[in-house]
């Protein structure tokens, strides 16, 4: 790890974020993890700056002396040059003493420059946790539309600017300030991504190696348990014969399904959008047609049912389909790793470039592997597994009717199918939102995502419907109504929080988002502190957990197996929350610490527990320790 260049207490010149202006600052601390210096301006403002944004004072003095001095020969030659009497003067030449006074006067103006909140931003100066909160109201977006059109990243910085640089003599025009920003952005060289992954997740090399065996075994265990008459946790199912786990016809049907969805992905329907900037910094294009693929799939399934195709074939060969999907995901992962060895450095994933074969194979070595315009990771994220989840649920519904000789499916099966159908349709309708997630922007495409998308999602998430086929549960209409209300509450929290976040990430200058308050960061982005995101840090996770509980409640309380999804999902979100916290702290530095002080609760349960008794608070930390003990199940889908 490189040594720090500037010591604590050293007085240097620091660049103000988003501008080309440097001010005298004092170094207060240095973060070894994020490589950011915390500096303090003369007015008391503290910011986290990169080392490239800090200069020694001597370099400024030397630059000034070089620019103001000239050689004696040049001075004598300029003074000896005469002007003809009949030639009109273009302008009155200032004396050296006058220019010297002007420079000193200009120097005073620069020294008197103050950092003051701009009037239009309506900054909130209320205090939180003993510190003044200087969050900015996003009111300048309407004015941006009237100004000359700027680049989207410059517009975002203009919305998020918390302070204006105003001299006591006169204020500089906004157009000049942002013209300087545009020049600075034009000459600025993009930062090169880090060559190697230093911080290993999921237990490092040993943990990822074990997970590659543990995850397929977990899927097989859950599927075999559901087929038993008594699916108790201690009632282990007998191991099936190896030849019974594989059927070539089933594998052929799975391949047909995969390439069937790939064909829908390639259809020239739906809009084409750009993803977030990569480290290059280029932007990839994506075709948004997942919802159209879902409609075409529904039409194809309806046609098969019309011609008396037995869809419950999925139920009869559910174990073989899970094994086929696992084998295909392993083959796909091997292909992805082999092709990633020839990928250029800038195309590698920041979290999957450790140099260790097993770890990079599991987490994904290449960030966005593509065959032409076909993005493999983006395709697998929402298409084969997510749409396949709905098809499996429908097959379980038809299997229940056939096995139990029912003319209508049970109310429990209807609730499970309806709730999960809503979740899938919502994901496909808001397909563009997945482009801002860590799956696309940070994680590579390896075994973790391939197995999660193609095996874990369709065969574990459909566990409730599969359970109800062999273990029917009768529930009353009032109970069904209560469960429906619970699912609607979870969905409302989940959708409203995600929509607010995704819309702000896409276009922070949107006039519809002018009510939002943000904490500006040194990266030019802002941290939301309004609405759900000002109440808890991960409100979308709360909605997910509530919906997961609503999906399991129709299965009753005879066995804990249908509630595996809820338990797993809490572990997943706790682990993902820890990853988010670490990533954001490293990226935003001091601004993230201010955000954590402003929004101290990670999810709503902690917010409510603060007002509870001391005993409940103790249980809160105990539950956190318990969830961490099984967090290795929490890989991302």
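Just so it is clear, glycine is given a Cβ too, placed from its N, Cα and C backbone atoms.
Feature annotations, reproduced from Swiss-Prot:
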- 1-205: topological domain 'Nuclear' (TOPO_DOM)
- 1-62: domain 'Tudor' (DOMAIN)
- 57-151: region 'Disordered' (REGION)
- 57-73: compositional bias 'Low complexity' (COMPBIAS)
- 74-97: compositional bias 'Basic residues' (COMPBIAS)
- 95: phosphoserine (MOD_RES)
- 96: phosphoserine (MOD_RES)
- 98-110: compositional bias 'Basic and acidic residues' (COMPBIAS)
- 124-151: compositional bias 'Basic and acidic residues' (COMPBIAS)
- 206-226: transmembrane segment (TRANSMEM)
- 250-270: transmembrane segment (TRANSMEM)
- 288-309: transmembrane segment (TRANSMEM)
- 317-338: transmembrane segment (TRANSMEM)
- 378-399: transmembrane segment (TRANSMEM)
- 403-425: transmembrane segment (TRANSMEM)
- 466-486: transmembrane segment (TRANSMEM)
- 554-574: transmembrane segment (TRANSMEM)
*Which listed stretch (206-226, 250-270, 288-309, 378-399, 554-574) has the most C-beta pairs under 8 A with the transmembrane segment (317-338)?*
250-270
_Stretch with greatest number of CB pairs under 8 Å, the transmembrane segment (250-270) reference, 206-226, 378-399, 403-425 candidates_ = 378-399
_Within the same chain, where does the transmembrane segment (378-399) have neighbours whose Cβ lies under 8 angstroms from its own Cβ atoms, ignoring anything closer than 6 residues to its ends? I mean 6 or more beyond._
257-258, 261-262, 264-265, 286, 290, 293-294, 297, 301, 311-316, 318, 368, 409, 413-414, 416-417, 420-421, 424, 427-428, 431, 434, 439-440, 445, 449-450, 452-459, 461-462, 465-466, 468-469, 637
*asked:* If we skip the immediate neighbours and take only residues 6+ beyond the ends of the transmembrane segment (466-486), which ones have a Cβ under 8 Å from one of its Cβ atoms?
replied: 223, 226-229, 231, 315, 318, 392, 396, 399-400, 403-404, 410-413, 415-416, 546, 549-550, 553-556, 558-559, 561-562
_Residues in the domain 'Tudor' (1-62) grouped by DSSP into helix, strand and remaining coil_ = 9 helix, 28 strand, 25 coil
